[in-house]
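*Asks:* Pasting a structure below so you can have a look.
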Amino acid sequence: MVWKRTISAKALEKAKSAAVKVDDKVIFIANVNGNLYAMDAVCSHARCILGKLDEEKLTVRCYCHLALFDLRTGQMLEPPYVAPDAPKEKLGLKTYQIRDNNGWIEVDV
């Protein structure tokens, strides 16, 4: 395990979500009602950065072609509108362990 510091817990609590650079990766992190989540922030379809967090459904939508991902598992729930027959089971995103360590959000990469 290699825990990497990202942003302050206060900043994430205020923003609710953020795309952060960790080494050579961009990771989407979120704080939903005190629960922390982390997954790849680059859509597996066209390499766009994910953006729209739905706190109620725990999903994240890609801004480019509207693919929808489960924040907990990284599974693609809805394919991009430009590729409705895309194999959802093959286009999921990697999730990461995440923690609050003394006021800093850390991701295990």
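Cβ coordinates come from backbone N, Cα and C, glycine included.
Sharing the record's features from Swiss-Prot:
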BINDING   Cys43, His45, Cys62, His65  [2Fe-2S] cluster binding site
DOMAIN    3-107  domain 'Rieske'
*Asks:* Take the Cβ of His45 ([2Fe-2S] cluster binding site) and count every other Cβ within 10 Å, whichever protein chain it belongs to.
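*Replies:* The Cβ of His45 ([2Fe-2S] cluster binding site) has 18 Cβ neighbours within 10 Å.
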*Asks:* Give me the DSSP three-state residue breakdown of the domain 'Rieske' (3-107), ordered helix, strand, coil.
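*Replies:* Breakdown, helix to coil: 10 helix, 52 strand, 43 coil.
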*Asks:* What's the number of neighbouring CB atoms sitting within 10 A of the CB on Cys43 ([2Fe-2S] cluster binding site)?
*Replies:* 24
*Asks:* How many neighbouring Cβ atoms, not counting its own, are there within 10 Å of the Cβ of His65 ([2Fe-2S] cluster binding site)?
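*Replies:* A count of 16.
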*Asks:* Quick check: with Cys43, His45, Cys62, His65 left out, which same-chain residues have Cβ atoms within 8 Å of the centroid of the [2Fe-2S] cluster site Cβ atoms?
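*Replies:* These residues sit around the [2Fe-2S] cluster site: Ser44, Ala46, Cys48, Leu50, Cys64, Leu66, Ala67, Pro80.
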